[in-house]
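Features as listed in TrEMBL:
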COMPBIAS  1-10  compositional bias 'Basic and acidic residues'
REGION    1-31  region 'Disordered'
TRANSMEM  57-80  transmembrane segment
TRANSMEM  86-106  transmembrane segment
TRANSMEM  184-204  transmembrane segment
TRANSMEM  210-230  transmembrane segment
TRANSMEM  291-313  transmembrane segment
TRANSMEM  333-357  transmembrane segment
TRANSMEM  395-414  transmembrane segment
TRANSMEM  420-439  transmembrane segment
TRANSMEM  459-479  transmembrane segment
TRANSMEM  491-511  transmembrane segment
Amino acid sequence: MDEMKTEKHAGSTATAIPVDSNDSRTQHGDQSSIWRADDALLAQLGYKSEFKREFSLFETVAFAFSIMGVIASVSSTFSFPLVSGGHVGMVFGWLIPCLFVMPIAASMAELASSMPTSAGLYYFSAKLAPPKYSALASWITGWANITGQVTLVTSIDFTCAQMITTAIAVASDGAVNLGSGPTFGILCAILFTHGIVCSAATNVLARLNLFYVIVNVGTSIAAIIALYVCSGNNKVSTSDAFTMFENNTGWSNNGWAFLLAFTAPMWTLTGYDSAAHISEETAGAARAAPIAILIGVSATASLGWLILIAASFATASVPDLLTSTLPLPMGQLFFNVMGKHGMLAIWSLIIVVQYVTGAAQGVDASRVVFAFARDRALPGSRWWKQMNRHTQTPVNAVWLVMVLAGICGLLGFSEAALSSLAGAAVIGLYTSYVTPIFLRITSGRDKLVPGPFTLGRWYMPIGIVACAWVAFIVILLLFPSSSSATADTMNYAVVIVMAVFIFASSSWILSAHKWFTGPIRNIGSSETTSYDEKQEAQAMRN
């Protein structure tokens, strides 16, 4: 019923949105009417349409799924469950967090359906917070999200560089083992190529996602089969695969040690807010965005669990993998199971998956930077909000993301580089995820104007579970991987997070509270019903 109301209202206000008669979109009948309805809804949210809506429902789902790059992400973070629980860490250290991430995804899907804009999370916070604190809530959410977005680009591309050095070591029979310096150089090269890819036109990016999802799913299935079948008689028993626990963390408490395995799935299950951030490039965004979020998270969680179950069966000795000279233990596992040539074959595909995952994340991060700059919240906003007239994409924002990711990549010279980058990404992103969810179940209970997807009365218990889980996981990820941390093994996530927190807080106190008012309308409201007006009507009905 809400969906019918939305479509009727959007259609009645479509004349307020200028449509170029020479635009090829107008030649597609029903599709064109969907685009106009989307642009009308965007106008109600306060923004004019600046992107071409080239992402279909399937391509949006593919984007949200591909950005999590399940096989590459599992391969990148395999060391966490190995250290924190061994076989139990692999199987249940993945399953438990996935169950708690689903309420977060469901709550975010509801918000994205109601307010499909590239501004995403910080826009949600602004609209659900008490008016007095609307700008501050938007400011906190936006900076937390950008912190997570940039460090996620770094961590994905850093592990891609590690995968390449792992392949070189195996191909050379151990004769060439590249250190931190060459790895950083490879990271910079990957970031540069991603800058080029992410600057492409929207239609190119949309079509690339079809390739992304095929490679991602195909390689994941191939890995599951290879690990289980090729391990032959060297597989451990079913009992050992699911119940053998090994604590290699240095923490004396086994329960605490096991919890640290949660880092892997929490890092993998990030970026699904991308469906909201590309909603201004999506046809039927109010319906497509929530579907993409829910399918992306559930498919990644399920496929990742199957990969790790297969890996658990194939892991004959956890200590042997942890003492490997290869940068990534998963590379050693594939080598043990498939031999040199088999390992290099599937590892090459995993590198491709990680590369395209980084490209997708670069697009997502650039859209967040663009939107935040559009609302004048970033230093140099007038540069970062500019759209390239040839590609109609925020090219300046793309390159800002790549430069900042390269700076964060200097952490690659630390032994705890991955845990630091992964921790910072998860803390930043999930803080931005949970802020509007918390506001939804507190000050925003009567403010949300439902979109096509709504949780109904279940929004409250689901939101409470989501908030409780994020509060727990943020504290957990600030701890080092062992009890005796040194300068080399320290978890530097707290340094990154605190640096951004201090900068954002001081900026707000000294200056931003005077001029930042939250999302800024950049389109006239005379012929459209604004979202704020719809909120007032919703509150009266409630």
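The backbone N, Cα and C atoms fix where each Cβ goes, glycine too.
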Distant-in-sequence neighbours of the transmembrane segment (459-479), which means Cβ under 8 A and at least six residues beyond its ends: 97, 100-101, 103-104, 106-107, 110, 259-260, 262-263, 266, 422-423, 426-427, 430-431, 433-434, 437-438, 440-441, 445, 448, 491, 493-494, 497
Per Cβ pairs under 8 Å, the stretch of 291-313, 333-357, 395-414, 420-439 packing most closely against the transmembrane segment (491-511): 420-439
Contacting positions for the transmembrane segment (86-106) when only residues 6+ beyond its ends and CB under 8 Å are counted: 80, 236, 240-246, 248, 258, 261-262, 264-266, 269, 272, 293-294, 297-298, 301, 304-305, 308-309, 311-312, 315, 318, 430, 433-434, 437, 455, 462-463, 465-466, 469-470, 473
Contact ranking winner - 291-313, 395-414, 420-439 against the transmembrane segment (184-204), Cβ under 8 Å: 395-414
